[in-house]
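Record features (Swiss-Prot):
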BINDING   91, 92, 93, 94, 95, 96, 97, 98, 99, 100, 101  ATP binding site
């Protein structure tokens, strides 16, 4: 039996639309991510467990884990009879890389079960392909950090899909999921087809400056450059209370904040534990909309997806 855990991730990070993402893990030790188990069997089967299992498609072939198994078998050129279990701990349409968690855990578990026939680059390419079936286009800003850990910059040149960017140990990521769903496809459809030249220049300046600040260890500068002129101005209308929440967390002391992925989760970066706790408390009282919502104080997950049992 192989059991693989794949962590949540926060894509875009305001400054890097479709090209930046970070894996995150709660500081209290909770597992914020999906778990997939693979066992040898006579025929294929898939069982769904976990807090959000009831939100998965009722038709098994529509389940992304089934599609991962099917595509992996196709890649190897043979049917691999296994019993798979998906522990769905991540809310769907949350902006925390929920589909990436399932895809990464499923493909990594299959690869481990079969003795690692695929290298990490090929495996990551498959992960992007499968996750793209749900989001509508192939982009690696969730699957790359989820699989590899840390903060990842998408390269997609010279046979390199992504490379790690140094993060800041001081940063605490407060992630608030309000409990409502925003589909990635809907959030992408709301974006303009063309952008003004001044917005393109600002975006390039912010992203280049942010990467430079990370490598030159300028924490304050990096946080100041986390601005979004590409997606947030258009997507915030999908998120009730988002603008007020951003203003409130800034007043409490967050050094940066924005939409995690395509939303509705809000991320707020803090450089002090007491500030992070006060931000988390405010968001818990004011940004959450129902019982499915949650707030976690996280750090970068530098390990990425990992085998829990083998």
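Cβ coordinates come from backbone N, Cα and C, glycine included.
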Assigned conformation of residue 97 (ATP binding site) - DSSP reduced to three states: coil
Around the Cβ of residue 93 (ATP binding site), the count of other Cβ atoms that are within 10 Å: 22
Surrounding CB atoms that lie within 10 Å of the CB of residue 101 (ATP binding site), all protein chains: 29
Sparsest Cβ surroundings (other CB atoms within 10 Å) among the binding-site residues 91, 95, 97: 91
Long-range Cβ environment of residue 99 (ATP binding site), under 8 Å and at least 6 residues apart: 64, 92, 131, 134, 135, 142
Cβ-based neighbourhood (8 Å from the centroid) of the ATP site, residues 91, 92, 93, 94, 95, 96, 97, 98, 99, 100, 101 excluded: 8, 90, 142, 261
